[in-house]
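Engineer: Among the features that TrEMBL reports, substrate binding site is placed at 65, 123. Residues or ranges marked as Mg(2+) binding site in TrEMBL: 123, 150. According to TrEMBL, the domain 'HpcH/HpaI aldolase/citrate lyase' annotation covers 5-216.
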């Protein structure tokens, strides 16, 4: 699977933005049927989204954020997906609060025979409380994405990085345990380029495999921050070579299996392979 570092939200009601989103270099284009669409526009957005999924085939990975499965619009979204010849690569479920939510979608998608991966949005205290079980819900689950704005509203906190640091830490740990990708929430101030870059770097340092975006200008700093540098790649090669030879020290640093696992992740990212942790867990 190609890299999935940047996930760009685009309202399904604005087809003129789809090509710009693709041109921005986003790894994943998200067609949003939920928050970005007014209730009276849901039906039209649904039709537009499935047309766009077909047109965007072969350009980048495509994701569809549906409405909650416990809502009439969510049920209509799933019915349209089951009946459509067009299909996304990823299906994003908002307000994922239990493993059962993903199990329902998994059973529906299994009937189609399509390889559509699931991404659960963790954006409530209830979802956070169940995140460890959610992260291991179904093999089809690709990753979990933090919904910072809704999470902050539910917790009564602000949505800035420091206020939700404990939420991010728990989400990343759950994803590591489940062998799936952790995807960070968007940075909401599209005018603050410096803040965007700082948060993207912080996300990479904390262990996120990807970060969502709400504007094309956010894609470059996300992709740059979540792509290992040439020095990182060289170090990873040296660590793995030393580990295979049984050499215990590289550049004055002790080498163990934990460092080798990290090195494999670096090379997986630059090699364009799936950056989820399942293979690492198997190897390590």
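A Cβ is built for glycine as well, from the same backbone N, Cα and C atoms used for every other residue.
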Engineer: State the mean pLDDT for the domain 'HpcH/HpaI aldolase/citrate lyase' (5-216).
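Structural biologist: That region's mean pLDDT is 94.
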Engineer: Please list residues from the chain of residue 65 (substrate binding site) whose Cβ is under 8 angstroms from its Cβ, counting only those at least six apart in sequence.
Structural biologist: 9, 30, 31, 32, 33, 34, 92, 94, 121
Engineer: Non-local Cβ contacts of residue 150 (Mg(2+) binding site) (under 8 Å, 6 or more apart, same chain)?
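Structural biologist: 95, 123, 124 - these are the non-local Cβ neighbours of residue 150 (Mg(2+) binding site), listed in sequence order.
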Engineer: Once the DSSP letters are reduced so that anything not helix or strand counts as coil, what is residue 65 (substrate binding site)?
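Structural biologist: The residue in question, residue 65 (substrate binding site), is strand (DSSP, three-state).
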Engineer: Could you check what DSSP calls residue 123 (substrate binding site) once collapsed to helix, strand or coil?
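Structural biologist: For residue 123 (substrate binding site) - judged by DSSP and reduced to three states - the answer is coil.
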Engineer: Taking 10 A as the limit, how many CB atoms besides its own sit near the CB of residue 123 (substrate binding site)?
Structural biologist: 24
